Structures are given as structure tokens and as C-alpha cells.
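Just below is one structure, and these are the notes that go with it.
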Amino acid sequence: MVPFLRILGIETSCDETAAAVVERDAEGHSNVLSDVVLSQLDEHSAYGGVVPEIAARAHVEALDELIEEALKRANVSLNDVDAIAATSGPGLIGGLLVGLMTGKAIARAAGKPLYAINHLEGHALTARLTDGLSFPYLMLLVSGGHTQLILVRGVGQYERWGTTIDDALGEAFDKTAKLLGLPYPGGPAVERMARDGNPDRFDFPRPLVGEARLDFSFSGLKTAVRQAAQDIAPLSDQDVADICASFQKAVSRTLKDRIGRGLQRFKTEFPATGEKPALVVAGGVAANLELRGTLQALCNKNGFRFIAPPLHLCTDNAVMIAWAGLERMATGAAPDTLDVQPRSRWPLDSNAETLIGFGKRGAKA
């Protein structure tokens, strides 16, 4: 039987500095003792996006205090944790270095094993923490750096069914917002404006819709937004709202096609065994209510459970990193050596082809 385990998690892959203490009991149930996150939004908003050097320096300044706070809120010391889990990639290399080196130092000083965690694996396994989900299931990761449809077979067993061939969806939202003069971060700004817009005013393209492969493309949609804005300039507030609403509609229809095909493939490869299949959504874009509604309706139509973890666990956090470490420990996986290095590009499926897409938040994996 797997023993009771407790891990300190560290996350620094992009623009959130985070630390958490999480437990896993012998039956696989989770208990989050602490969850501390410091956003760098104010540091980057003036630049309209994440500046890697600023992000790395902010991690250096904040991480030690956040770890102390996480331990304090959990009412434990380093002696009370069984291991350290730190994000090792993919992401911005400067931030990864800060978090992983800190994790190494703590592991060495406290005599604890170190688990270097793939950030994407943290997202992939979160639904097991929040909903006790059984394998296999599908996960849609939609963030500023990634847009991927992943089959989750088990801990360490992932198969990428679809990925972006250019911009990630969160990146497309941010760039659209910037084109329209909206504030950073762009996703929430576009969603707010879209509420008062006419989604049928502009017929924006829906890239790759109808194709058998499950990949995504959003750069053409971004270009269409730019052209529409130029054609009707100067823009009124209503123009901006209509563009945002039409953009969101195009994204929703694209996801409906791409994910719908993925759900059908899943049902073909994994015939019903009595338990309802599940689609999990994660990443910052998962906060968008229209996109959630589209995915919920799609799952209802296809007989799937739609699982969206709480928003604070959809975006970058250390709880998911600690949980991924706990899941690995529970399988008997060996810890990493202290010479493990961060990886800016680190696909979950090791046999995947190398991608050429490169997002503003780091290499796409």
C-alpha cells in the first residue's frame, strides 16, 4: 500500500511565483495544506506581455518568502515533508532556473528527495486532485503558451492528439487585445468587451475546421482581426465590442470542431466501460465563460463529463506541481538527481515530433 505522503511544491515557469504544501493519503485522496501565489501582473502590464528578465528577477525576490509562508500556513517544517517538487519545464528558462535551483538547495539541505516536474503534467493531473478522476481521460490545455489536446493514460503516460501549429490560444487573445488597444492581460479584456458586442458582425476564419487532424491554428484569425480593425478605423467602442464578440465566436466554433473530433476519437479508442468519459480543461483561457459554455454543451452532446478545476488551479500554481510529485512518488518513481537541468521545451509525450511554434511565453512543447 502507498504510504501517506506530503510534498512542498514550487512553481516559477512564467509570471507567477508559487509555493504549496499538499498531502496524499494511502487511498489517493488529496489535502491542500497551503497554496501561495504571487502574480507579477503589475510588473509586466506596462509592456503588454511577460518580459523574461523581469519575471526571473521577480521570482528571485519573492520565492524564499513564499516558501516560508507556504510552510507557515501548512503548520509544518521542512522536516515534516517527504520530498520537494519543483517545475523544471517547459517555460521561461530564467524563471525555471530560479525555482529548480531553489528546490535543489532545499532538497540538499534538508536531505529530501527532489522531483523535477513537467509543468504540463501538473495541469494534466490536477483533475485527479480535485475530482478523483480515473484514467484514461482527455485534457484540453489552453493558455498563453500552449494549446494542446492530450490523452492522459496514466501518470507519466501521455499522448498529444492535437497542438497549435502557430500561436497558442491565450497568445491570440492577448495579441487581439493589443491590436484593439485593450489592456493586458488580453483574455479578460476581450471577454469583457465581447459581452456588449454583436458576434455576427464579422465572419472571421475558423482555421483547420473540417480537417481530420486535431491540431489548432490561430495566427490567421489574429490577422483577420487586424485587417477588420484597419478597414473600419477609427474604432468606436461598439466596433471593438463587435470585433471581440466575433473573435470569440470564431474561437468557440473552432474548438467545437477540433474538440468534437477528439471526443469521437476517444469514444472509438475507449469504448464505454460503465464510467462516463471525461474532458478536462486547464490553463488561463479556461476562465473564459463563453468557451466553457461551448465545451460544456459539446460534452453534454457527446456523453462526456466536463471537468474544469477551480480557476486558481487552472492557472499556474504550485499545488499542481506538488500533486504531480505525489502522483509520481505513489507509483514508485525514482526521484531526480541534483544535477537535473531545466528545460524550456519539454513535451509531455517524449516521442512527439519537434514543433516550430514559439510563443511569447516561451517555447511551445
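Using N, Cα and C of the backbone, Cβ positions are placed for all residues, glycine too.
On a predicted model such as this, the values are computed, not experimentally measured, just so you know.
For the Fe cation site, Swiss-Prot records HIS119, HIS123, and the single candidate of ASP239, ASP242, ASP257, ASP316 listed with them is ASP316. For the substrate site, Swiss-Prot records LEU141, VAL142, SER143, GLY144, GLY145, ASP174, GLY187, and the single candidate of ASN31, ASN75, ASN288, ASN300 listed with them is ASN288. In this structure the alpha carbons, written CA, of SER143 (substrate binding site) and HIS123 (Fe cation binding site) are 11 Å apart.
Here the candidates are the binding-site residues HIS119, HIS123, ASP316. The one whose C-alpha lies nearest to that of GLY187 (substrate binding site) is ASP316.
Long-range Cβ neighbours of HIS123 (Fe cation binding site) (same chain, at least 6 residues apart, Cβ-Cβ under 8 Å): MET139, LEU141, ALA282, GLY283, MET320. Using Cα positions, the member of the binding-site residues GLY144, GLY145, ASP174, ASN288 nearest to HIS119 (Fe cation binding site) is identified as GLY145.
Taken residue by residue with DSSP, ASN288 (substrate binding site) is part of neither helix nor strand, so it is coil. For ASP316 (Fe cation binding site), the spatially nearest entry among the binding-site residues GLY145, ASP174, ASN288 is GLY145, judged by CA separation.
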